[in-house]
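Everything below concerns the one structure shown next.
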Amino acid sequence: MQNDQDYGNKLNPAWDEKGLITAVLTDAKTGLLLMVAHMNKESFELSMATKEATFWSRSRKKIWRKGEESGHVMKIQEIRIDCDQDTLWLKVIPMGPACHTGAQSCFYRLVEDGHLVTIPKDKI
């Protein structure tokens with residue numbers, strides 16, 4: 001049986017018990033997976049209004065706009081939501097590296113045989 005949450009046109013994010021939703025960011029031009037973060041209602045609304053990715057920092061317990069210190073903002077081109085409305089997909093144009101380490105993507109290491117292997121920058 002179809003329901004509005006899965007099939008309807010009403011935006012109704014399924015916030016978790018902490019009031020958060022997972023956001024996956026990819027490069028709008030290349031499709032590269034850049035990072036995963038979390039949004040609360042306020043950061044989601046700010047992201048939609050400003051077209052710049054803004055999140056809830058679970059460690060610092062505050063709103064943060066990606067790149068507010070480094071200048072490496074993420075310009076939102078498109079926001080999608082999954083069928084359960086519990087995960088967001090932001091297609092962005094990155095204004096610099098996505099990772100705080102300076103890597104283009106936060107996913108710059110492979111897990112092999114229980115160890116981490118750094119992927120060369122030209123292979124990320």
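Glycine is treated like the rest: Cβ placed from N, Cα and C.
Note that the structure is predicted; figures quoted are calculated from it, not measured.
Marked as Mg(2+) binding site by Swiss-Prot on the basis of sequence analysis: Asp82, Asp84, Asp86. For Asp86 (Mg(2+) binding site), the same-chain residues lying six or more positions away in sequence with a CB closer than 8 A to its CB are Pro13, Ala14, Asp16, Ile21, Thr22.
As annotated by Swiss-Prot, Zn(2+) binding site applies to Cys83, Cys99, Cys106. The C-beta environment of Cys106 (Zn(2+) binding site), restricted to residues of the same chain at least 6 apart in sequence and closer than 8 Å, consists of Leu34, Met35, Val36, Ala98, Cys99. When secondary structure is read from DSSP and collapsed to three states, Cys106 (Zn(2+) binding site) falls in the coil class.
The least crowded of the binding-site residues Cys83, Cys99, judged by other CB atoms within 10 A of its own CB, is Cys83.
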